[in-house]
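Undergrad: Features from TrEMBL:
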SIGNAL    1-21  signal peptide
DOMAIN    157-489  domain 'Peptidase A1'
ACT_SITE  Asp175  active site
ACT_SITE  Asp373  active site
Amino acid sequence: MAQFSFFLVFISLVFLPCALSRSLSSSSSSSSSSHPHSQFFDVAKSIEKTVQVLSPTTSSQTLQQEAVKTTHFNSSSISVSIYPRSALVRPHHKDYTSLTHSRLERDSARVTSLTMKLQLSLTNFSHSDLKPVQTMLQPEDLQTPITSGASQGSGEYFTRLGLGEPAKEFYMVLDTGSDITWVQCEPCSDCYQQSDPIYNPSGSNTYSRLSCDAAQCTALEVSACGTQSCLYQVSYGDGSFTVGEFATETVSFGNSGSFPKVAIGCGHDNEGLFVGAAGLIALGGGALSLLTQIKASSFSYCFVDRDSASSSTLDLNSALPGDSVTAPLLRNSRRSTFFYVGLTGISVGGQMLSIPASVFQVDGSGNGGIIVDSGTAVTRLQSSAYSALRDTFVKFSQNLPTAGQFALFDTCYDLSSMKRVSVPTVAFHFSGGKTLSLHPKNYLIPVDSAGKFCLAFAPTEGSLSIIGNIQQQGTRVSYDLANNLVGFNPDKC
């Protein structure tokens, strides 16, 4: 998604007055610096986006224009557009500061949810002990556009998915941390507001409820039997949940082809912060995920800036680009959902951080390791690893005026008087010797429209580390499921 690297510059550069940084505003907008371990960051452009995302001019027209070029298909592949939530639902926050607070609150809940899922898997629980809550229930290469879901307080991205026969299309959240695909269904006991009409299974010729003894039903973590049909429930860390019938339905990607008898949740009681999307597409690695059910050999996506109204694509069964920065795709035998990556270290300013290799490895009990996740926004590192990253970044950023803390961020800078500034590089180093350098916008993000920027990493007290979507923005992330590889291609949206 960008670039990462910096080394301690000549003493004269380290102590350059801020005035010199400001003077750089008149130079070109190149993202590279004269020093190999620093790079220029376009402050003015980032601040401009914080204003645009809250503009009265909504993104609906952009979505309508993009819709005509949403799906592409050849003999072996499909490609669909991905949009950020800011392109789907206009944010209703009074300013960018409140929007950022909302996003970070949702993000913290997301991390809690993933951690709870993992811990549940590591305990000897029985699926039969978990039951849905009581509700008033009424008895090939695929590519699709991706949109960012951050403006309503989440870091989600969306794509268009067709359901039923005849097919009806819906905006759905993309989630690599989930295995159950679900959609809001009529009749609703409790449904939140979405941009599309609520899906009505009675209008489809291919909707079929699953019986309680069906293999798909018994594979659910939380299930029950109601009026001889299977019921499901999926809960999230922020208190959001969906409950309904588990059924099979035809799933399609535009006019590129369809997949029959895919098990999905038909949610009649759905509560939480899913505003805008009709449901969720599960892109995890478990047996019930959409990828597993349609036997996808690979998939890739590229997330546009979360404050953008533009789109990129989700591709299924596409070849790994030849110039990818590749890393081993690893699995945790205790939790098949998550996509772990073989990370060996992190460097800041060209200096490798002193982090034990074991921090990024899954141990024998299933703890530890680092996953790539579409739904988490801010990358989380174990506390010791985060401290090493932060302290080194601060050491190499002494020319930047500090600005205290903001929410979960403890390292912020006041860049209000600057248009462009030189910052230390940051890079991920993977098993096999490959390195992914991040762009400054992937690790310094605005938290208001006045010029306050924060280092977009955070510590976690848990053992699981997560590469979030802020660090992925602008980079095509490819998952070669057949060969167990993850590929990163910066600037390949």
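Any Cβ shown, glycine's included, is placed from N, Cα and C.
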Undergrad: Restricting to the same chain and to sequence separations of six or more, state which residues have a Cβ under 8 Å from that of Asp175 (active site).
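TA: Spatial neighbours, sequence-distant, of Asp175 (active site): Glu156, Leu280, Ile281, Ala282, Leu283, Gly284, Ser374, Gly375.
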Undergrad: List, in sequence order, the same-chain residues at least six positions removed whose CB sits under 8 Å from that of Asp373 (active site)?
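TA: Spatial neighbours, sequence-distant, of Asp373 (active site): Leu114, Thr176, Gly177, Phe338, Phe339, Ile466, Ile467, Gly468, Asn469.
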Undergrad: Along the domain 'Peptidase A1' (157-489), what average pLDDT does this model show?
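TA: Per the prediction, mean pLDDT sits at 94 for the domain 'Peptidase A1' (157-489).
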